[in-house]
Amino acid sequence: MIEADRLIQPQVIEPDEVVDRAMRPKLLDEYTGQDDTRAQLKIFIEAAQKRGEALDHMLIYGPPGLGKTTLAMIVANEMGVNIKSTSGPVLEKAGDLAALLTNLEENDVLFIDEIHRLSPVVEEILYPAMEDYQLDIMIGEGPAARSIKLDLPPFTLVGATTQAGSLTSPLRARFGIPLRLEFYNIKDLSTIVIRSAKVMELEIDEEGAIEIARRSRGTPRIANRLLRRVRDFAEVKHSGAVTKVVAELALDMLDVDAEGFDYMDRKLLLAIIDKFMGGPVGLDNLAAAIGEERETIEDVLEPFLIQQGFVQRTPRGRIATQRAYNHFNLIQPEAK
């Protein structure tokens, strides 16, 4: 299992949660990156406001740490409504969902993180709520049980998931606005780093921000986490200001290399190169070779490596690319 304190893991690390909340943008104009998504949202929100209606139900999907929760909160702020947040695993019974739905006010936002992990019984309750703003619930047990319908105010369900393919077709079809978040480019990430540094009252120059962004795996959550660790280094070892040199020294010490890789990324790449002669290697064999679960490889390690061109996924298995060999100053063997 990957250690919970892996510095560049995109999932939330508990001690960082409060600080991350303070750094989050509140409105679309403050939100950096995801230009197409922002442009679409502006139109959808303005149209809903002109009609005086709830925004259509929205599914936000993509790798972890890219701002799905932040976008849900921005939608509520832009619409001028309340937001209630929960997650799929928490909603164990139909009554858990019913309690949330019956406390919504008109046009409110209900945010369900990890919506792909909803139980089937809860998902069934959600269908009429999304389509007709009605709640069908069973009262009582056994022969005396009866179904009652409750009218709900119009509301917007915002679902977030890292595994859109795991959603059932009926649930996925009920979202009128699907939004995919992509990894951020270095320019946008450096802008986020500079904004976060201002919130932290930290002096940072542009080159320092770019260096942190370059090693942040295209992920704002990782960029903010690295910024906090670089700040610690700058305050103890230097004058307190973050420059390119300070950022390089700090991140090298933290074992985050120039590509944003840590030991787990290098372990995976070297396993493909050394143990499987560059591949192809099946997912189960690769998982066994590095001592990780296949889900961890698919959901946490692989997406960035594939997106950056270090690993190629083929029908026969994973292959290390020329770029992976170059990263370790190795010569790629001739194709088999």
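Using N, Cα and C of the backbone, Cβ positions are placed for all residues, glycine too.
Of the residues Arg217, Arg221, Arg225, Swiss-Prot places Arg221 in the same ATP site as Arg24, Gly65, Lys68, Thr69, Thr70, Glu131, Asp132, Tyr133, Arg174, Tyr184. Among the binding-site residues Thr69, Asp132, Arg221, no residue is found with its Cα located within 10 Å of the Cα of Arg313 (DNA binding site).
Of the listed binding-site residues, namely Arg24, Arg221, Arg318, the sparsest Cβ surroundings within 10 Å are found at Arg24.
Taking the Cβ of Arg174 (ATP binding site) as reference, residues of its chain lying under 8 Å away and at least six apart in sequence are, in sequence order, His57, Tyr127, Met130, Glu131. Per-site Cβ counts within 10 Å over the binding-site residues Lys68, Arg294, Arg313 peak at Lys68. When averaged over the region 'Large ATPase domain (RuvB-L)' (4-184), pLDDT in the model lands at 88.
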